Amino acid sequence: MRQPTFAALSLLLVAPSLVAAVPHDSTSTSTSTSTRSPSYDPDSTAAHDTTTPHTPPSPWRRLSEAIIRRIGSLPHENHLQKSMLALATGPSSRAPGKQWVAHYGGDVVLRFKMQTADEARALSQAAATLFLDVWEFNEDWADIRLAKDVLPSLLGLLPRSLHASYEPLMQDAALVQAIFDTYPSSSASPSHNTNRFSPNLRPSPHHANGHPFFQDYQPLSVIDPWMSLMSSMFTTHVRKINIGISYEGRDIPALRVGVHPTNKDEPTKPRKTVLITAGLHAREWISTSTVNYLAWSVINAYGKDREITHLLEKFDFVFVPTLNPDGYVYTWETDRLWRKNRQPTSLRFCHGIDLDRSFPYQWNGDQMGSNPCSESFAGDAPFEGVESQRFADWARNETESNNVEFVGLLDLHSYSQQILYPYSYSCHDEPPSLEDLEELGLGLAKAIRISRKGHTYKVTSACEGNVAFANKEKTVLPRIESSGGSALDFFYHELRVKYSYQIKLRDTGNYGFLLPKEEIIPTGEEMLDAVLYLGRFMLGEVGWARRRSRSRWSAPDRGTGDFDEAEQVAIEL
């Protein structure tokens, strides 16, 4: 890989000293945020609106944007002329060339609508038999990508009732163009593709504005130095950490954001921490960009926004933009639609393990079949996926050795606009804190929908969000693919993270994993509203803390095994 230029590295190295010489708004943090204003309204949208459209950007903001533009202009890897990024950024035209057509031109994405158990079972078996790429599925439909010349074979395995129950979502030139457009273009202006429209995607006024880092999807070679920059520029409340090492030897970087108490006379309680993760599935780029947007928004708002400042004083937030760095790099260099990690399997020509099927809780890779060529291959044993085990080991070490208590998990994925709570492995077993999970989930969905005119997200269990139902009584139809061994269930059940959610971001299928880059900021904005609502909920400003808890949940055993007073005796208004 070509390395960053000396000038760029020098800029990164001197950035902290340059920033130190710039007057910061956060210098007044210790006095201005220690006491919350009497007029503070935790439910007010304006309370966390940090935008000031008529105010010139501060010097540190201009400096950070200049550095980020420099990072973003660095050359990327193009070994053996196989880099997909080089193909996207090389030509001045925004039309895909022959290489793109040869790679994806024969594919089609079809949406099947199932009504009966026989139809669901037949589609599930056919997808497994033909090694098809199942993009998404829920109670209404299943989206499957396949080569067009495989379609006759697929229909031959399906009942006749399904022969007329599918429709193409993307095919031929449209699919190739959608893939091509997700890569950045060195020649395109920020307003590129302003006329793109989908019935499920409202045109956004934000696509040509805002931070330059979020005008495009970014490769890992840009994300990593950007994270280092954030840590260097905001030393009071940001620290870059390493979750672990991937199979191919890459770091799994994260940003820990929070302000720790300085009073050493009082015993230090376990630091309540919220995990916000993305990228378990490599091709879900919007999840990675959204985590970066959330981190940037929270980091920049500290000392300026009362609500976010208060949250960072009470909680740590750990932002992990990609838990699957090897797979993510592969989507930039070779195959945009790659899903799994990149470790070898028992079949030399079939690489990768589905990291979100590799966790040990209710792992069922042996029951679902062990086919390394499957997109949802769970490995031959629990934790065979290297990155899954590294993530779990890090989290356990945090709780056992570093005085951390994980109180929330938001694991971002795409697509289908759903907020999913445990369990994923079963539609029949109920989590002990079901009512609290449902209540908070509905609150998150409402915060997304109303605060910034966001989209509608469905709230349900992860199992019910990933199966089809035969009727209104929810007779569960056969699964399209396994949902055992998920990160969601593992963190909820094994690490006792009470508020654990998997959130599937925009859209509902018109673009699927190929969400236009113009939707990065709008998606980030609506998720920021969800994160702020989560914070209010955990602080007791909305939801469960206004009345007595109804759940059967038992807290992690940290000596006494009890909740603290605010949690154990909820306030009734």
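Counting begins at 1 with the first residue displayed.
Even glycines carry a Cβ here, placed using N, Cα and C.
According to Swiss-Prot, the Zn(2+) binding site annotation covers H281, E284, H413, on the basis of sequence analysis. Annotation note: E284 (Zn(2+) binding site) sits in a coil segment as assigned by DSSP. Around the Cβ of E284 (Zn(2+) binding site), the same chain contributes A278, L412, H413, S414, Y415, F513, each under 8 angstroms and 6 or more positions distant in sequence.
Among the features that Swiss-Prot reports, substrate binding site is placed at H281, A282, R283, E284, R339, D356, R357, S414, Y415.
The disulfide bond feature in Swiss-Prot is assigned to C350-C373. In sequence order, F131, L347, C350 constitute the residues six or more apart from C373 (disulfide bond) in its chain with CB-CB distances below 8 Å.
What Swiss-Prot lists as N-linked glycosylation site is N397. For N397 (N-linked glycosylation site), no same-chain residue that is 6 or more apart in sequence has a Cβ closer than 8 Å to its Cβ.
Feature annotation from Swiss-Prot assigns region 'Disordered' to 23-60.
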Assigned element (helix, strand, coil) containing H413 (Zn(2+) binding site), judged by DSSP: strand
Rounded inter-Cα distance in Å - R339 (substrate binding site), H281 (Zn(2+) binding site): 5
Residue pair R357 (substrate binding site), H281 (Zn(2+) binding site) - Cα distance, angstrom, rounded: 11
Long-range Cβ environment of R283 (substrate binding site), under 8 Å and at least 6 residues apart: G327, T331, R336, L337, W338, R339, F513
R357 (substrate binding site): secondary structure state under DSSP, collapsed to three categories: helix
Per-residue Cβ crowding (10 Å cut-off), top of binding-site residues H281, R339, R357, H413: R357
Additional residues surrounding Zn(2+), by Cβ distance to the H281, E284, H413 centre under 8 Å: A278, G279, L280, A282, R283, S287, R339, D356, L412, S414, K504, F513
C350 (disulfide bond): tally of other CB atoms within 10 A of its CB: 15
